[in-house]
Every structure is written in structure tokens, then in C-alpha cells.
Amino acid sequence: MASTLSASSAALTFELVAKCSTTRARASIMTLPHGPVNLPMFMPVATQASLKGLTPEQLENTECRLCLNNTYHLGLKPGQEVLDAVGGAHKLQGWNHNILTDSGGFQMVSLLKLATVTEEGVRFLSPHDGTPMLLTPEHSISLQNSIGSDIMMQLDDVLVTTSPDKVRMREAMERSVRWLDRCIAAHKNPDRQNLFCIIQGGLDLDMRRECCREMVSRDTPGIAIGGLSGGEAKDDFCRVVGTCTQLLPELKPRYVMGIGYPEDLVVSVALGADMFDCVWPTRTARFGNAVTKFGVLNLKREMYATDFGPIEEGCGCPCCRPTDQEGSMGITRAFVHHNAAKETVAAHLLTMHNVWYQLHLMADAREAIIADRFPAFIKEFFGRLYSDGQSYPSWAVDALRGVGVDLIEP
């Protein structure tokens, strides 16, 4: 169902292009300081200002126009002084398109055992020399202002969704709202950098609803749903995403943080989400795994030693496209298999393929939404992954039924 609604803030314009007439899926254009981005979309994660295995030019050639950098890692190295001297992360990494930075809070809680969260901020020990450090909302925003990212994330109090401590979960949710206010006050460049809020509340839907109301009232240019992908059941994940998207403004981008499995992306789009990121597609490439429309292929397996076909038939990435097409590298499964255990080139090639797959899965979903055939797209997608038509994951069946798509019925 086509529509042409739009809304603008100082550094972001959101244009709603089409809505699925059955599900809650949307197709839109988000225009940022470094250019337009088509939604729904997947963001590759270039943690330390580089995507492992790809040059900026190779990343650009996947048609990526928004990637993710990590505030925590860039704040430690090269550090704020170097970022200020070079003129930000775009110049540091030779990337002329958009960047989103997370705030750094999640990494400190997930990667550092000796982290303590107080109202002031997160205290932790430097992984480099063990010295005590403190990340406050103000310092996180200062770092992100130096990075120059097009989208910055607030510092939030992150708690694993499976935590049984309801009192601590409420404290984290309410503190995240207070920290957003401090982030907004500290933000020096609202004319050229967008600050997104992050909805917390664990798996408690009432707490999520309360957080949505508070965060939406702050009127940030975009809104993220955080604290997921932490080991919760997929049914619970879907309930949280579906509950939050129904409460969010129609003319703002909706970002579900840390999501990367193809099934999760497609279901989340059906539930009304627009943006996603995850390290999984690039990390799994380094273990010899190719993400394809028929599932994940481990090209280290001996069966691929004499398979001279492309990584994925019909894929348009430089590795897979036919050799008579411009830019084709003519890579075969046998070549990747030969190199996967001993040479880094296999990881580079699979990273290129996997990133292309994720980006074009979302581009294909977008085209289906615009053509108002997204329910058929969903059925085709799951039909390829589960060719027996019987073993669809129950969480996906239930979530999609909730938005009018029945995977079981023909």
C-alpha cells in the first residue's frame, strides 16, 4: 500500500514510501548527513572502524550505505585526541557514507567482568592496563561527537533480558530514561548528528510500554529497541518487538539492536521494525560459513572439495556473479574450501558474500513491501529454508500469525 508521508528533524528526514496491507512491514527512505538509506536495512558491524576482511571500497561495493562503529573501542584506541585531530571516524577509515555508533555501555557490561553501574555511569577497569575508568552519558556523547557518526546511541543501562531481578530491571529502565536526558543535554552537534534513544525493560511488556512512553516523549530523531539478543526465547523476543513497534511514531526509524539471523530479520520487519545490526554474518564467515537463501553452508566440509559452482547460485555478489559479468571474481566453493582452514582469503570472500546476502535480503523485502506482496515473500523465504514445509520454527509461525501471515496454510 503506497504512501508518501515524511517528517524531518535537523539531521534526518524519514519518508514512508509504502506499508504492507497485511503485516506491519514498512518501506521507507532515511536521509542522513552522508546520504539516503533505504529501509528496512541491515547494518554490518565495523567495530574498530573497519569491517574485518573488507576494505572500505569493498564494503561500498556491497551497496552498504550505513555501517556500525563501536564507541567503546574507538574511545580506547585510537582515542578521542586522535579522532579530533583526524576529523572523525569517516576520515579515519576512508568511509564516505553513513556511520552509526553504539554508546559503549553494552560492551562494558558484556565484555568486562569488573564493571559496576551507578547513577553516575559505568565504572570499569581498562582492558589495556587495568586502570580504573568511568563512562558517563556525557563522556559517551563527547566521544560520539568526536567520532562524528551520523547516528549516535544514548548510553543506556543494559541488563540481560533473562535476568530474574525485576527490581534491577526496573532500575535499569528508569536509569536509561534519566541517562537519555543527560545525553540530550550533552549533545553538541544536533544539527549534523542524530541521537537515538533506546527502549529497555527486559521481557516485561508493561515495563517496555512505560519506557516507550517516556522515550517517545523526548522526541529523538529515531528510536531503538535494546536489551534483546541476550539469550531470551524467540517467542519472548517477538512479543517485545511487536509490543514496542505498535507504540512508536510512524514517521521515525525503528532500530532493533543486535539482530542478524535472516529469519529474525524477516520476522522483525513483519512486526514493524526497520533497522538491524549484528556481528554474526561476518563472524560466521571466519569459520568457513556461507549464508545463503537455503541456509548456512559450512564450506570446510569435504563435500565441497570438488564443487566448482559459485558460493550461491544466483547471488549477485562479486564472488558469485557469473564470470561474463563485470566485476565477477569467479570464486568457486572448491576454492573457498581449499583455503578456509589455512588462508585468510576465504574469510574475506565469505565476508563479502555474507554482507551482500544480508543487505540484499532486506532490499528484496523492501521491494516486496512496495509491490504489496510481502506475505508471499515471507512464505517463499521460509519455504526455501525449510523445504520440507513441516519444520518451520514455532516462534516464527506464531509471530507471523499475529500479523496475518500463516506459514502452514498454502
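Positions of Cβ are set from backbone N, Cα and C atoms, glycine also.
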### Task
Have a look at 139-145, 160-166, 258-264, 307-313 and point to the one annotated region 'RNA binding' in TrEMBL.
258-264
### Query
If you check TrEMBL, which stretch out of 22-26, 32-36, 57-61, 282-286 is marked region 'RNA binding'?
282-286
### Query
Taking only the recorded positions Asp277, Cys315, Cys320, which one has a CA atom nearest to the CA atom of Ser103 (substrate binding site)?
Asp277
#### Entry: Residues within 8 Å of the Cys315, Cys317, Cys320, His353 Cβ centre (excluding the Zn(2+) site residues themselves)
Pro310, Ile311, Glu312, Gly316, Pro318, Cys319, Arg321, Met352, Trp356, Tyr357
### Message
DSSP on the region 'RNA binding' (258-264): how many residues come out helix, how many strand, how many coil?
### Response
3 helix, 0 strand, 4 coil
#### Entry: Per-state residue totals over the region 'RNA binding' (282-286) - DSSP helix, strand, coil
4 helix, 0 strand, 1 coil
### Cβ atoms near Gly105 (substrate binding site) (within 10 Å, other residues, all chains)
27
